[in-house]
Amino acid sequence: MSSEMLPAITETSNVEKKQDLSEHREESQKPRLGEGFKPVSKRQMKKLIKQKQWEEQRELRKQKRKEKRKRKKLERQCQLESNSDGNDRKRIRRHVAYSTLRLIIDCSFDDLMVLKDIKKLHKQIQRCYAENRRALHPVQFYLTSHGGRLKRNMDENDKGWVNWKDIHIKPEHYSELIKKEDLVYLTSDSPNVLKELDESKAYVIGGLVDHNHHKGLTYKQASDYGIDHAQLPLGNFVKMNSRKVLAVNHVFEIILEYLETRDWQEAFFTILPQRKGAVPTDKVCESSSQDKPSVRVEDGSDSDSSEEEHSRNELDSPRKEAKQDQEHSTESAGNSPPH
């Protein structure tokens, strides 16, 4: 071998050694199994893929938001233009016929309810307010004795209530705001049954969610204050499978519906929840007369079958009663329709 070839071979071997050293260094830097390296699981892989897709669609979402804002702006412009032809909902709302009837929710039972029931009453009041705002014949809506835990709950969870319109929210008791001769307390314990609504009167609904623990309380209060009282004519038109106890907002909505239709039966069947299994009393009487010679009459007089019904109710288990109480926990005993 010539001396000229030796430098070339030496240089080549040096290059190969450097490559081997660099490869060895890279291999040594790679994590090995059992040395802190954990393989990616399927769940983690899915998360990585979703994250990548979410980032890739960022611009698309931004574009959709822009289009949505443009669409809403266009809809608002169309609504403003439709005012001229009377198709806008707001224009219809301006032409409603306001009723002179005053409907009061008496909030003086704050100390008889636990916080859970206070919150339920708050939601029922919200529903009453919303329904009155969209009604064709809205009433003069009052909240009286407003304060205590109910007010604190509204301050914390519904700060916008201070901006409510078409409502009178007063800390005073209703007896301090309205003349005694104009007041009628709606209570299921009253022997008087309403036939018509007198729009010159102020009807009071007890703001009480008590799971039927304070029976007869609203009737007693009406008697103590010496004001008129009455019950809705539910028993004349409706037969229900469940207890005849309705929430505050149901009583409120039934009155709104009656002012529009002037038909108690239609008002009841439009508002009553389906779970109560309400059916017209005339259908019940027809079907019962085919099966039994006599039936229990809703006005309180009893027939032969009433003893059988009474004994069946006595045999009901406590578990069934507890289940019914839980099912109707949002309903107010003080504002129920007639028994």
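Indices start at 1 and increase along the chain as displayed.
Even glycines carry a Cβ here, placed using N, Cα and C.
Per TrEMBL, these features apply:
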ACT_SITE  Asp210  active site, proton acceptor
COMPBIAS  14-35  compositional bias 'Basic and acidic residues'
COMPBIAS  40-50  compositional bias 'Basic residues'
COMPBIAS  61-74  compositional bias 'Basic residues'
COMPBIAS  308-330  compositional bias 'Basic and acidic residues'
DOMAIN    88-279  domain 'SAM-dependent MTase TRM10-type'
REGION    1-87  region 'Disordered'
REGION    279-339  region 'Disordered'
Check your understanding: Near the residue listed as 'active site, proton acceptor', how many other Cβ atoms are within 10 Å of its Cβ?
Key -> 20
Check your understanding: What mean pLDDT score does the domain 'SAM-dependent MTase TRM10-type' (88-279) have in the model?
Key -> 88
